[in-house]
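For reference, TrEMBL has these:
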DOMAIN    1-69  domain 'PPIase FKBP-type'
DOMAIN    93-181  domain 'PPIase FKBP-type'
DOMAIN    205-293  domain 'PPIase FKBP-type'
DOMAIN    317-404  domain 'PPIase FKBP-type'
DOMAIN    421-450  domain 'EF-hand'
DOMAIN    460-495  domain 'EF-hand'
REGION    468-500  region 'Disordered'
Amino acid sequence: SYDRGATVAGVVGVGRLITGMDRGLQGMCVNERRHLIVPPHLGYGSIGVAGLIPPDATLYFDVVMLDIWNKKDKLQITSLSKPERCNRTVENSDFVRYHYNGTLLDGTPFDSSYSKDSTYDTYVGTGWLIKGMDQGLLGMCAGEKRSIIIPPFLAYGEKGYGTVIPPQASLVFSVLLVDFHNPKDGISLEHLEVPEPCKRRAVTGDFVRYHYNGTLMDGTLFDSSYSRNHTYNTYIGKGYIIPGMDQGLQGVCMGERRRVLIPPHLAYGENGAGDKIPGSAVLIFDVHVIDFHNPADPVEIETVYRPQGCNLTTRHRDFVRYHYNCSLLDGTKLFSSHDYEKPQEVTLGTNKVIEGLNSGLLDMCVGERRVLIIPPHLGHGESGARGVPGSAVLRFEVELISMEEGVPEGYLFIWHGEPPESLYEQMDLNKDGEIPADEFSTFIKTQVAEGKGRLMPSSDPEKVIADMFKNQDRNQDGKITSEELKLKSDEDQEKIHEEL
């Protein structure tokens with residue numbers, strides 16, 4: 001047979017072979033070698049074969065068994081390894097991606113996907129594969145390894161395939177199922193950790209900041225936000241991300257961890273992406289949602305403690321002292337006034353603190369404690385600040401320590417009643433017809449001490465008085481004359497008159 005370059009194929013035990021060969025092949029295993037001595041009466045007898053085998057010739061055969069099969073044979077499927085978790089197995093009409101090594105029954109290799117550095121990708125049960133492989137892939141889990149032995153009538157039959165698969169050859173496939181999906185599949189969600197309580201869930205139009213690890217179904221990592229030490233920030237439900245992730249982030253809670261399994265038609269499709277995501281790949285994202293907000297969100301205020309009998313609350317222009325702890329919603333501490341010797345101080349409504357904190361400090365009583373949730377558009381915005389990530393939602397714990405009633409915008413001092421009719425004469429303490437800075441300062445301090453008026457609240461009243469004097473000293477000669485001294489209300493009326 002070696003001279004002819006073709007194996008011998010035949011059915012054993014039905015009289016198609018000489019009796020000696022029929023008997024000599026019985027019980028042989030694949031790759032077994034036998035030396036058969038066949039006497040004439042079990043060979044070609046007294047007739048022989050004209051020109052080839054003399055009459056009454058004893059025959060010697062050196063036989064190697066390459067393949068065996070029977071018409072009653074079925075697939076021989078052996079699971080070599082299987083993942084612990086298997087939520088779903090291959091069914092007809094699924095699209096599969098698998099690696100394989102293909103050999104004949106004697107171990108002769110004929111093909112391998114590994115040599116092509118690419119999986120074999122196809123539909124199951126639709127006639128695109130040989131019948132044996134169509135059947136042998138059914139019931140497999142992603143990540144499972146199988147040995148599939150296919151008899152020739154479920155493979156390439158009497159014709160074989162090209163020069164690599166002989167006629168009537170049984171085939172052995174070692175298969176590793178990389179992933180599979182069905183074109184009708186939607187995303188699959190697994191809720192790994194859901195915080196309690198969950199006051200709000202993300203919806204279309206929300207801006208979400210999250211960390212993720214992205215893997216293929218075989219566990220190959222293709223991307224991770226952790227490696228960049230930066231969250232992925234995006235709007236959901238608006239087409240800024242792949243459709244599967246747009247859907248997979250709907251309904252998340254802040255702090256939630258979930259796994260999103262995305263079929264390729266909701267990810268990167270047949271073409272894949274770059275050199276890390278193959279075509280038709282199923283993607284798995286393990287997501288940790290840090291925070292989310294909507295551009296229309298106001299400051300969320302939760303009153304933790306409010307003293308009884310509180311009648312006076314903070315307003316714009318009031319000067320307040322407060323303690324605070326500031327953190328991200330995942331608990332990461334950012335800043336705290338307790339790290340310093342004294343509370344934070346600010347005049348409300350003067351753009352000295354972020355808008356959300358200013359709003360959260362309004363209408364508070366001294367001693368009151370609040371928790372403020374501040375969206376980024378009322379915080380530090382898309383750019384963030386030193387120590388604050390871009391687009392971060394901030395959590396403030398605030399306690400109002402003290403407050404001083406403020407003055408209207410543009411004023412440094414206001415009277416509690418009507419100002420004196422002869423204001424300049426009273427302010428001119430030594431009656432010399434002019435008011436230097438020391439006389440001005442003494443007079444204002446006296447009015448504050450007697451409760452007749454109040455200064456713009458500040459940690460430095462001397463500076464406020466100095467600014468008042470400078471405003472009244474029109475020619476900056478170090479003294480105020482009667483012509484220079486004007487009440488703020490009178491100045492405002494003069495401006496209105498001039499505009500008219």
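Glycine too: its Cβ is placed from the backbone N, Cα and C atoms.
Automated prediction, rather than curation, is the source of TrEMBL annotations.
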Tally of residues which DSSP labels helix, strand or coil - the domain 'EF-hand' (460-495): 20 helix, 2 strand, 14 coil
Structural state census, the domain 'PPIase FKBP-type' (1-69) (DSSP three-state): 9 helix, 14 strand, 46 coil
DSSP-assigned states of the domain 'PPIase FKBP-type' (93-181) in counts, ordered helix, strand, coil: 12 helix, 37 strand, 40 coil
